[in-house]
Amino acid sequence: MNLKITINQQASISDSLIIANLNLIQFFRDNTFNKIECDQLLTLKDAVQISQILKDQGVLIYEGEINESVITYFQASGLYNQGQGKFIKQVLQIKKLNIPQQEFNNCYGKYDYIEQKFQNQINFFKQVDINGKQEIIDENELLDDGVQVKQVESCASKPRACANCTCGRKEMEEKQDKEQLLEQLKNNSIKGCGSCYLGDAFRCANCPYRGLPAFKDGEQVKVLQDDVFLQEQEEKDQVKLENGKVKLKI
């Protein structure tokens, strides 16, 4: 089977081909395509190349039996199947539809112009009339007497200060707690839990001995204002014990 390109029977191959595509024209010789032994050897890429070198209204004649795959390739490359192995390269033209005016008027719907949407919109940037023609709104009337701003709750009625206290009560209570702790240590007071000597892990939250090392049950812990019990070390401070007593410096 052979492929043949022509516009008509009298035209030569140069009238049907675009001479600029010299690299593709070399496939053609004496108005015939190189012989194809099998239809499967013709690929879509080959069909596209053939369509590219055809001029407008150029005709491709397929000699021999043709199967559906070959027709599909030529149609996919832009050629129109005229039957009997003839394919033509059509010219795509865009024309305006000539619709009578009467049929055009019968069309339903109305074109919505963009300009129409902005004609009835409110102009928020309109200049304010200051000549007294427009009423000026009193800003005091904008607030209603019935609407009241919620006041921040006070912690005066609570036993302890709030967690996010900003009035200074939290700092004052912390200072009082420290003073009370020192006073309890000076008076050798012992809490009722009875676990003060075991260490911080067994002491209650308000234990006056929190922060001090564990001591033996029955030992007296006194606060001496004149003695130094902490000695500065390289890594940490250590508590000095003398005669079973813990010395604190204030």
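Every residue gets a Cβ built from N, Cα and C, even glycine.
What Swiss-Prot annotates here:
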type	residues	note
REGION	1-104	region 'N-terminal SAM-like domain'
REGION	104-149	region 'Linker'
REGION	155-167	region 'Fe-S binding site A'
BINDING	Cys155, Cys162, Cys165, Cys167	[2Fe-2S] cluster binding site
MOTIF	193-196	motif 'Cx2C motif 1'
REGION	193-207	region 'Fe-S binding site B'
BINDING	Cys193, Cys196, Cys204, Cys207	[4Fe-4S] cluster binding site
MOTIF	204-207	motif 'Cx2C motif 2'
* Per residue, counting other C-beta atoms within 10 angstroms of the C-beta, which of the binding-site residues Cys196, Cys204 reaches the highest number? -> Cys196
* Ten-angstrom check, please: count other Cβ atoms within 10 Å of the Cβ of Cys167 ([2Fe-2S] cluster binding site), all chains counted. => 13
* **Packing count at Cys162 ([2Fe-2S] cluster binding site) (other Cβ atoms within 10 Å of its Cβ)** => 14
* Asked: What is the nearest of the binding-site residues Cys162, Cys165, Cys167 to Cys207 ([4Fe-4S] cluster binding site), using the Cα of each?
  -> Cys162
* **Helix-strand-coil residue split for the motif 'Cx2C motif 2' (204-207), DSSP-based** => 0 helix, 0 strand, 4 coil
* To do: Can you grab the distance from Cys167 ([2Fe-2S] cluster binding site) over to Cys196 ([4Fe-4S] cluster binding site)? Cα atoms, rounded to a whole Å.
  => 34
* Out of these binding-site residues, Cys165, Cys207, which one has the fewest other C-beta atoms within 10 Å of its own C-beta? -> Cys165
* Asked: On the 0 to 100 scale, where does the mean pLDDT of the motif 'Cx2C motif 1' (193-196) fall?
  -> 70
